[in-house]
Every structure is written in C-alpha cells, then in structure tokens.
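**Q** There's a structure below that I have some questions on.
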C-alpha cells in the first residue's frame with residue numbers, strides 16, 4: 001500500500017518506541033520541547049541572554065544553533081549557520097533596545113547589514129521559536145505507517161499507557177486521527193480492552209474546545225470502514241470496563257448501528273457477555289437491531305437463558321419482533337429444538353406461537369420439519385389449538401413432518417393422544433393426505449410403513465386429481481422390479497392394508513408406466529447393481545473353493561484321506577460347500593451377461609433376478625457348510641456346542657429374509673385385510689407384484705437344506 005501525498009512516513013525509531021512502549025526512546029526520537037532550551041549559570045537560556053550582552057557562541061553546541069531559528073533569512077538560511085559550517089567563531093549581539101539587529105563580532109568578517117526579516121523583540125523571538133519547533137516536531141510525531149497508524153494508534157493497541165500520555169501531551173489532536181480503515185486510537189484500545197487508555201483519550205478529547213476538529217463526541221462517535229464505533233468493538237470482544245466508560249461518556253452510542261445493521265447490544269449478546277448486556281438495561285434509548293432484520297433476542301435465544309430473560313424483561317414486545325424472513329425468536333428456537341427456551345418464550349407471550357413466517361410456517365411447522373418432538377409437545381401443551389395451524393398450502397405440521405422425513409414426529413402423531421388422530425387424514429390444497437405425500441415424494445419408505453401401522457389412516461382417499469395412494473405408488477420410478485425394489489414394497493404394503501386403485505383403464509395405466517420408463521437410466525442402474533453382485537459372487541466362490549481343500553479334522557498320514565470321511569456331518573459339509581461354489585459361479589456368469597452394455601433391458605432384468613436367486617442359495621449352502629463342519633469336529637466330545645452352532649447357521653438365512661421383508665410383515669400384522677378388491681389384485685398381478693415372496697424364500701431355503709441332507713445319504 002502506498003503512502004498518500006499528504007502523509008509523512010513514520011521514522012523507524014519512533015515506530016520501535018511506540019511498539020515497545022519506551023517513553024525515553026520516544027522523547028529521543030522527537031525534538032526537545034519548546035521550554036527545554038539550554039540555560040546558563042544564571043538559569044537563562046541562550047535566547048534570553050542575547051539581548052543583554054554579546055556572547056561567544058563558538059563554545060555552544062549545534063543544538064544551540066538549532067534554537068536560533070529567529071535569524072532565518074527569507075531563503076531559509078542564516079549567516080550564523082554559514083559561519084558555523086565553516087568552523088568560524090561566532091558571537092551574537094542583540095541590543096537591548098532591539099533595534100540594531102543582529103551582527104557578527106568585529107573579529108570576524110561580519111556583514112554590514114543585519115539579517116533580513118529577523119525578529120528582534122523578546123515576544124517575537126519566543127513566538128517564532130515555538131512555531132518553528134512545533135513545525136519540526138509535527139514532521140515526526142505525526143508520521144504514519146503504511147496502514148495509516150499514528151504513534152498513538154500503536155500505543156493504544158499495545159496498551160502502553162505512559163507513552164500514550166506523552167503523545168497526548170505533545171499532540172492531543174492525534175486522538176482524532178484515523179488510519180486507512182478509518183479507525184481512531186479509541187477503536188484500537190477498545191478492541192484490545194485497555195480501559196486506562198480509553199479514559200486518557202476521553203479526557204484528552206473532553207479538554208479540547210467544544211465544536212473543535214477533535215471534540216469529545218467526534219472521537220466517541222467516529223466510525224470505521226464498517227460503520228462501527230468504539231462501543232461496537234468493545235461489545236464484540238466482551239470488554240465490560242471499556243463499554244462502561246464509553247456509555248458513561250455518551251449514552252447515545254447504544255443507538256448507533258453499523259453498516260451491517262448490527263447494534264452494540266447485538267454484538268454483546270453474540271459474545272454471550274451477560275455483564276456487558278446488563279449495561280444496556282437502564283439506558284433510556286438503545287438499538288436492538290442485528291443483521292438480516294434480526295433483533296438481540298433472535299441471537300440470545302440460541303446463546304443464553306439469562307440474557308433472554310433480561311431482554312424479555314426490558315422489552316416485553318420484543319418476542320414478537322420478526323426478521324427479514326418474518327421469523328420470530330420462537331421460530332429460531334423451534335428450529336434448534338430447545339424445549340426449555342420454548343417454554344420461556346411461550347410463558348412470556350403465548351401469542352408468538354401463532355405468528356407465521358413468509359412461507360406460512362408457524363413455529364410448530366418448523367419444529368416438525370426438524371424432527372423436534374419435544375418442542376412440538378411443549379407448544380401443544382401451552383397452546384393446545386396450535387395443531388390446527390396450517391401453512392399457505394393448508395398443510396398441518398404432520399404434512400410437513402412427512403415431507404421433511406421427520407420419522408420421530410410421524411411416530412409421535414401415530415401413537416395418538418391430544419386429538420392428533422384428526423391430523424392423519426387431513427388434506428391440503430391439492431387434496432393430498434400425509435399418506436399421499438409419503439408415497440409420492442422421494443422420502444424413506446419407512447415412513448409409509450409407519451403410517452400404515454395405524455388403523456385410523458385411510459388408504460383409499462383420492463386427491464384432487466383422483467389418485468389414491470396406491471395409484472401414486474404405481475407411478476413411482478419404474479425399473480427392474482426385483483424383490484427389494486421400493487415400489488414393490490410400497491404397493492404390497494398398501495394392498496395388504498386395503499388400499500385400492502381409483503377407477504381407470506388398466507391399459508392406460510400400463511402405457512403411462514412405459515412412457516415414464518427410461519432405458520438409459522435403467523441400464524446405468526443395472527450395471528451398477530451387477531458390479532456389486534459380481535463382487536459378492538466371486539467372494540463366495542473363492543471362499544468355498546478354498547474350504548474344499550481345507551478339510552476339517554485333518555488327514556490320515558498313510559493314504560492322505562480325511563479322517564472324518566465316514567461321518568455324516570462331514571458329507572453334508574462337502575455337498576453344501578460344493579453347492580455354494582457351483583451356484584455362486586453360475587451367478588457370476590449371469591451377472592457378467594447382465595452387466596454387458598449390449599444386453600437388452602428385459603433380458604438384463606431376467607439375469608439379475610436369476611443371479612440374486614442363485615446367490616441366496618449359495619448363502620444358505622455356505623452357512624450350512626460351516627455349521628456341519630463345526631459339528632463334525634466337536635462331536636461327540638461337545639454335543640452342546642455342536643448343536644448350538646448348527647442351529648445358528650440354519651436360522652441365519654431365515655433371519656436375513658425376515659429382515660428384508662420386515663416392513664411388509666409389520667404392516668400385515670398390524671392391519672392386514674383379507675378381502676382385497678379384485679380390480680386391485682388384477683392390477684397388482686399385472687405389475688408383477690407377488691404377495692408370496694416371503695413364503696417362497698422360506699420354502700426355497702428349506703428345499704435347499706432338504707436336498708443337501710438327502711444327497712449326503714448317498
């Protein structure tokens with residue numbers, strides 16, 4: 001950064017003195033003060049003795065000559081300085097009547113005329129000397145760094161009180177000096193918390209003339225490039241003593257707002273400084289503003305309960321103040337999930353629960369969107385009718401919870417109580433119930449299963465377009481409809497709970513499904529699935545292949561055969577291990593075909609389905625092989641352990657099947673209906689939705705076990 005044309009660079013000695021706080025170094029770097037000239041044995045200075053008698057000035061030092069500035073010519077030179085530079089003895093004589101001028105002594109080549117424009121009287125000499133001294137000192141003490149900081153800025157920042165006192169004595173106008181960031185020394189010392197220097201600057205500014213260039217109010221209310229006063233800095237950094245002195249000097253500082261819209265009180269709240277915030281309590285006028293139209297209470301509710309209580313006591317209506325998004329502090333608390341702060345705000349003013357933001361969201365909607373059950377419970381406890389509040393789309397907080405995937409809130413409403421049952425089937429402006437939204441939106445389908453557990457949820461309500469939830473589930477993203485496809489699960493659960501299709505032609509529905517089908521997108525998903533399945537199938541083949549040559553129980557030393565060859569469990573192990581390897585290799589081949597970019601999408605789906613079936617068989621055989629190998633090794637010496645291991649390995653595949661089908665099982669157990677609508681059944685069968693997948697998987701596993709045990713008897 002370059003210096004401005006009007007700025008004087010700060011000398012290095014002065015900069016070092018300011019940073020170190022060395023007052024002696026500061027004095028040495030500056031010219032002597034105007035009243036510190038050199039006295040003689042009569043305690044008179046050189047200037048004072050000149051009118052009395054001629055004195056041999058050759059014995060005086062260069063500093064004495066520097067103080068004879070009254071002998072300057074219009075060109076800025078003196079004959080005295082010329083003689084001094086030539087090492088000529090000089091004597092100065094100023095007559096008592098101060099009319100003859102100043103001459104050199106007769107023993108040197110003196111000029112015949114007096115020095116031009118030289119003041120001769122005591123008063124003129126004194127004024128000229130002080131003026132010239134001040135000009136010289138200003139060239140040094142008013143020097144600035146590249147950042148525009150004066151020596152007082154630096155002293156204030158580092159907290160050097162004595163040095164600051166010396167600077168204020170020599171150049172009191174520096175209290176109003178600003179750097180390139182428009183910061184005064186008061187900004188610097190308040191930011192650092194040096195309260196004694198704050199007092200010094202205030203006293204110095206107060207001693208200046210009223211209305212002057214650096215009066216008290218001018219210094220206190222000076223703003224930096226961000227439009228902030230010194231009080232902003234003190235509150236931002238939590239310096240309570242400094243804030244106290246600033247407010248005592250000018251109470252109106254509490255009303256100043258920065259360019260970012262932040263008041264000192266808002267900054268004190270953000271600092272979480274209870275003591276500093278307390279200073280504003282008794283002020284007749286103050287600003288509560290923060291950025292974005294927020295108030296100090298918006299900041300306090302997320303920082304401190306004590307500060308929140310203080311603000312509510314001072315300004316009772318502050319709880320209703322809204323920001324630029326028309327959000328009250330209660331909206332902020334609802335989003336944070338702070339139940340205790342919610343209680344405080346509602347006890348102070350329950351009407352804040354009925355103020356909506358610009359989107360029509362009330363605090364209970366905000367809590368529902370963030371899945372904060374306890375906040376919702378607190379709002380409903382203190383404002384029981386708040387459950388009837390709806391947004392601009394006429395959606396209650398249960399609609400909002402479903403759309404925002406708030407599972408805990410959904411469970412809270414499903415459990416019922418406090419009149420929540422009426423929320424289950426309420427419709428919004430589009431006629432959608434929460435179940436419609438759960439089915440149609442890209443949200444976890446677990447919400448659908450949770451909703452369907454409550455028998456009060458109606459599954460056949462039509463929206464304004466005439467669609468039931470089952471219609472919307474049919475419109476979910478189409479694709480390969482294998483057993484774990486989300487669309488299949490949702491449709492099965494809805495059908496099991498009595499959901500129906502709206503009256504429409506089935507061929508039109510199928511045509512609409514085909515129009516929504518994207519072959520390129522489906523091919524990409526199938527390729528990704530094939531890659532994952534290939535990893536699993538190759539892993540199973542590798543493990544089972546190695547197990548075939550690592551026989552349990554060891555080998556005979558004479559012929560190299562397995563010791564457990566004649567045991568039935570060992571035979572079961574061999575057959576199941578071989579089946580696991582064979583089926584995994586078959587699955588690998590099918591997966592390779594399915595992942596080929598040249599494969600037709602319909603055949604790709606067929607191969608993926610077959611490979612998944614083969615992998616299920618491989619899993620079952622691998623579990624069985626491990627269990628029977630363990631049984632063959634430990635029996636007959638540890639029957640209990642052997643039987644336990646076998647039971648665990650037998651039921652492990654069954655547990656996996658149950659976990660996959662768990663949502664459907666729960667909905668069936670909760671509210672299964674046997675009288676399915678014939679039209680609905682035909683539509684589901686046309687969509688290849690099977691209601692026997694769980695039973696088929698269990699039968700398949702049992703069949704695999706049976707075949708393996710029978711083959712081991714051979």
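Cβ coordinates are placed from backbone N, Cα and C, and glycine is handled just like the others.
TrEMBL labels come from automatic prediction, so no person has curated them.
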**Q** Under TrEMBL, the annotation transmembrane segment belongs to which of these stretches: 503-525, 572-594?
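**A** When 503-525, 572-594 are checked in TrEMBL, transmembrane segment belongs to 572-594.
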**Q** Look up transmembrane segment in TrEMBL and report which of 477-499, 638-660 it refers to.
**A** 638-660
**Q** Among 43-70, 71-98, 99-126, 127-154, find the range that TrEMBL records as region 'Disordered'.
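**A** In TrEMBL, residues 99-126 carry the label region 'Disordered'.
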**Q** Looking at the stretches 533-552, 606-632, 638-660, 691-713, which one shares the most CB pairs under 8 Å with the transmembrane segment (572-594)?
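**A** The stretch with the most contacts is 606-632.
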**Q** Based on DSSP, tally up the residues of the repeat 'ANK' (325-357) by helix, strand and coil.
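**A** Within the repeat 'ANK' (325-357) the tally stands at 23 helix, 0 strand, 10 coil.
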**Q** Do you know the DSSP helix, strand and coil residue counts for the repeat 'ANK' (430-464)?
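**A** Helix/strand/coil tally for the repeat 'ANK' (430-464): 14 helix, 0 strand, 21 coil.
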**Q** Count, for each of 533-552, 606-632, 691-713, the Cβ pairs lying under 8 Å from the transmembrane segment (638-660), and report the range with the highest count.
**A** 606-632
**Q** Where DSSP helix means H, G or I and strand means E or B, what are the helix, strand and coil counts for the domain 'PGG' (529-633)?
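**A** DSSP classes over the domain 'PGG' (529-633) add up to 79 helix, 2 strand, 24 coil.
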**Q** What else in the chain is close to the transmembrane segment (691-713), if you only count residues 6 or more beyond its ends and a Cβ gap under 8 Å?
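**A** Those are 483, 492, 495-496, 568, 571-572, 575-576, 579, 613, 616-617, 620-621, 624, 650, 653-654, 657-658, 661, 664-665, 684, in sequence order.
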